[in-house]
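Q: Sharing the features that Swiss-Prot gives for it:
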- 1-24: signal peptide (SIGNAL)
- Asn86: N-linked glycosylation site (CARBOHYD)
- Asn206: N-linked glycosylation site (CARBOHYD)
- 215-239: region 'Disordered' (REGION)
- Asn349: N-linked glycosylation site (CARBOHYD)
- Thr360, Gln390, Arg503, Trp505: substrate binding site (BINDING)
- Gln412: site 'Transition state stabilizer' (SITE)
- Asp413: active site, proton donor (ACT_SITE)
Amino acid sequence: MIGKVVVSVASILLIVGVAIGVVAYINKNGDANLSPQMKAVRGICEATSDKASCVKTLEPVKSDDPNKLIKAFMLATRDAITQSSNFTGKTEGNLGSGISPNNKAVLDYCKKVFMYALEDLSTIVEEMGEDLNQIGSKIDQLKQWLTGVYNYQTDCLDDIEEDDLRKTIGEGIASSKILTSNAIDIFHTVVSAMAKLNLKVEDFKNMTGGIFAPSDKGAAPVNKGTPPVADDSPVADPDGPARRLLEDIDETGIPTWVSGADRKLMTKAGRGSNDGGARIRATFVVAKDGSGQFKTVQQAVNACPEKNPGRCIIHIKAGIYREQVIIPKKKNNIFMFGDGARKTVISYNRSVKLSPGTTTSLSGTVQVESEGFMAKWIGFKNTAGPMGHQAVAIRVNGDRAVIFNCRFDGYQDTLYVNNGRQFYRNIVVSGTVDFIFGKSATVIQNSLIVVRKGNKGQFNTVTADGNEKGLAMKIGIVLQNCRIVPDKKLAAERLIVESYLGRPWKKFSTTVIINSEIGDVIRPEGWKIWDGESFHKSCRYVEYNNRGPGAITNRRVNWVKIARSAAEVNDFTVANWLGPINWIQEANVPVTLGL
């Protein structure tokens, strides 16, 4: 059937979200004697994780208009996070001068991330406006920000090492976590409702509130591809369009959803001073020999403008930069490129075990708090060693991160993919325990995963995803067309040291391995439980079409899914897992979605 289907967001909310919720509520409770206001409230709250809290929050709102109810819920969530932030500050004050360096560091970090959460919630409320008909294709971006708001709160708790303090803060911020969780559920219901009607968010016309019927084009096929090749550089790419993993990857290896201007930057920023530095004009140049504007990377970051609509381009010339680099939240759209991942190296030694006043989040050699970060031909290293325990090489908290041809070297917690949507291609990442971990939607393609030798008696786990809410949040790690191999120092003991593809850090941990070569360094069981927890019973672990001695699945744990068809992993392709791409459409840049 050809033709337009015109329907507003509010209509979807009211007809599908609210109506289905009310029917479900009435069927369950047998009570049809509800006021219009309570019908709307019960309908909206039916899909939330904590219905009682949701209803209690919305009961005082004297309206049955979904626009006003959902807006009121967001404002209540913002108020709750303000209270959580105040509670954290008060707790730090109550500890007085006797507070330990680690507790002070983590509480200061908590105050910072609560500030980030409040900023994002204020943006959400502003973007929502007074009429939900106007949010159109913003729905998924709002949901992405809400996911970040939730993650900021869990970041605070995850970084607290002391049990008593974690319990105190956990109880103090419980209300804001519940409200944020419910807010995510409400937005998830909206998106799911549109899916039930076979409508797509990106089809919304913001000015009219209407949408077109969805395209009938099929999903891009998943190709087996070829394994990457390890050398002194990051992993070599397969040649030619016939070997593209997805229709969303062009002949340069860059996703088509990256804007035209950024694609040019990625293409021009080649390895070596005779290639990259000469081909694009950097905003700032960093050089240890004084030939640039700055001698440290942090100085260049500090010089970049805040809330930049364009790109701040930093060329880091060859050299080892022994510094910790922090990119604040307002320093968005920074693009760093070096002269080679082994030539331009940012290195630092900071760890939870050996550095007083350090948390996992604060241990990162490079810490990216901002959106739109890009990097190419740079090495990121934490030199704390296995005795340092958690020691992050890079932590990326910002949405829309794109990283190519880089190295990440460390031991425990090397690559912290902690928030937003992140895409990595042709990287090398090495480590021991949970060395690719976080709470983001991340795809790593055509990369070399190197399992290292840690402390005596220590096991290795490649991944540790932190999804706490399941399908309502798009959080999970995807490794596609990668190679998983032992480091040279581990090779002789690779069959003795226990190494696994991952373990579930949180209740709904999500990790997918697709079209990858898995060496015999990985044990036949494949995956490990998180000691003391039952997260393996609810996690979502999937393997599809892998190869190599470590990919044999007949002895796998019984809680991993072995997919037999491409359709079973289609949700985890770049197009689906890192989309929708409305954030590029809103920026009015060229984008190719399909063929």
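Just so you know, glycine gets a Cβ as well, placed from its N, Cα and C.
Quick caveat, the model's predicted, so the values are computed rather than measured.
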Q: Given the recorded positions Thr360, Gln412, which one has the fewest other C-beta atoms within 10 angstroms of its C-beta?
A: Thr360
Q: Among Asn86, Asn349, Gln412, these being the recorded positions, pick the one whose CA is nearest to that of Gln390 (substrate binding site).
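A: Nearest candidate: Gln412.
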Q: Given the recorded positions Asn349, Gln390, which one is most crowded in terms of C-beta atoms within 10 angstroms?
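A: The residue with the densest Cβ neighbourhood is Gln390.
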Q: Do me a favour and check the Cα-Cα span between Asn86 (N-linked glycosylation site) and Thr360 (substrate binding site); whole Å is fine.
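A: The Cα atom of Asn86 (N-linked glycosylation site) is 23 Å away from the Cα atom of Thr360 (substrate binding site).
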Q: Which Cβ among the recorded positions (Asn86, Asp413, Arg503, Trp505) has the fewest C-beta neighbours inside 10 Å?
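A: Sparsest of the recorded positions Asn86, Asp413, Arg503, Trp505 by Cβ contacts within 10 Å: Asn86.
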Q: What whole-number distance in angstrom separates the two most remote CA atoms of the substrate-binding residues Thr360, Gln390, Arg503, Trp505?
A: 18
Q: Roughly how many Å separate the Cα of Thr360 (substrate binding site) from that of Asn349 (N-linked glycosylation site), to the nearest whole number?
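A: That separation, Cα to Cα, works out to 13 Å.
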Q: What kind of secondary structure is Gln412 (site 'Transition state stabilizer') part of, going by DSSP in three states?
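A: Its secondary structure by DSSP: strand.
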Q: Under a three-state reading of DSSP, tell me whether Asn349 (N-linked glycosylation site) is helix, strand or coil.
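A: SS state of Asn349 (N-linked glycosylation site) = coil.
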